[in-house]
Amino acid sequence: MEQLQNLDDEPPTIKLGDASVAAPFTSKLANVVAISNIVRQGRCTLVATIQMYKILALNCLISAYSLSVLYLEGFKYGDLQVTISGILLAVCFLCISKAKPIEKLSKERPQANIFNFYIILSILGQFAIHIASLVYILDLVYKHEPRKEVDLEGEFEPSLLNTAVYLISLSMQVATFAINYQGHPFRESLQENKTLYYGLLSVGGIALSGATEFVPEVNSALQLVPMTTEFQMKLTATILGDFFASYLVEIWKIVMIESIIILVVASSK
């Protein structure tokens with residue numbers, strides 16, 4: 001009993017390996033490069049997460065408008081159209097999650113969370129551009145095609161409304177991924193992410209090809225109706241205008257936030 005009491009009174013001895021068990025992570029390397037790797041991977045993951053929230057927010061807002069207001073106007077998707085859009089979203093999100101961090105640790109820091117001035121303004125600004133484009137296309141359709149009695153329970157039938165809204169919605173999905181993709185200085189750029197880059201180019205090409213009827217066989221396969229030359233030109237101009245206007249909104253937000261940061265730093269000095 002006395003020996004056990006003496007053992008209890010003695011300070012605990014530290015064995016080899018105890019520090020590794022208590023540490024958040026361990027590394028077998030002889031230097032501290034593992035810390036840099038973890039910071040780079042963490043920043044890459046944070047940027048990807050915030051980007052996914054932005055893209056999901058924009059896609060949900062656009063889908064909410066399409067499935068509510070446009071649905072009451074008689075708009076419906078065909079089976080093949082929904083399949084293509086679903087595959088596009090799944091592949092793009094997979095490619096975003098697979099993006100690798102760059103080798104050099106940047107001095108800049110990513111956004112800490114999604115609830116900040118820049119991200120909220122960016123989402124609202126791009127959403128306003130997309131909604132304005134959809135409203136313009138809806139008005140343009142009714143100038144070229146008379147309104148029909150809406151049957152909400154009826155099956156899908158190809159129409160000019162479906163053709164125009166589907167093509168511009170497809171281009172909006174491409175714009176959402178391309179514009180909101182954040183690469184350097186935290187991870188590889190869009191051009192370096194080959195699968196996502198060529199995938200977005202392909203889908204964007206399909207949208208422009210459908211708007212111009214460059215390949216009529218593709219339009220027939222997608223259940224798109226023929227369009228007049230005037231309507232094709234206006235639809236194509238709207239698709240391009242929507243993309244570049246959304247891009248300018250995003251660039252303007254970045255420049256504005258950077259200017260505010262510079263002013264705050266200068267005033268603090």
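Placed from the backbone N, Cα and C atoms, the Cβ positions cover glycine too.
Heads up, TrEMBL stuff is auto-annotated, nobody curated it.
Summarising the annotation, TrEMBL assigns transmembrane segment to 55-72 (among others). Through the fold, the transmembrane segment (55-72) approaches residues 89, 93, 96, 123, 126-127, 130-131, 134, 138, 150, 152, 161, 165, 169, 172-173, 176-177, 180 of its own chain, all at least 6 residues removed from its boundaries and within a Cβ separation under 8 Å.
Marked as transmembrane segment by TrEMBL: 78-96 (among others).
The transmembrane segment annotation in TrEMBL covers 117-138 (among others). If one looks beyond the transmembrane segment (117-138) by at least 6 residues along the same chain, the residues whose Cβ comes under 8 Å of a Cβ in the stretch are 50, 53-54, 57-58, 61-62, 65-66, 70, 73, 111, 161, 164-165, 168-169, 172, 176, 179-180, 235, 238, 241-242, 245-246, 249-250, 252-254, 257.
Residues or ranges marked as transmembrane segment in TrEMBL: 164-183 (among others). Residues 47, 50-51, 54-55, 58-59, 62, 66, 70, 75, 77, 81, 84-85, 88-89, 92, 96, 99, 110, 122, 126, 130, 133-134, 137-138, 140-141, 189-190, 192-193, 196, 200, 203-204, 206-208, 210-211, 222, 224, 227, 231, 235, 238-239, 242-243, 246-247, 250 of the same chain lie 6 or more positions beyond the ends of the transmembrane segment (164-183) yet place their CB under 8 Å from a CB of it.
A Cβ distance under 8 Å defines the sequence-distant neighbours of the transmembrane segment (195-215), meaning residues of its chain 6+ beyond its ends; these are 88, 91-92, 95-96, 98-99, 163, 167-168, 170-171, 173-174, 177-178, 181, 222, 224, 226-227, 232, 235-236, 239. What TrEMBL lists as transmembrane segment is 195-215 (among others).
According to TrEMBL, the transmembrane segment annotation covers 244-266 (among others).
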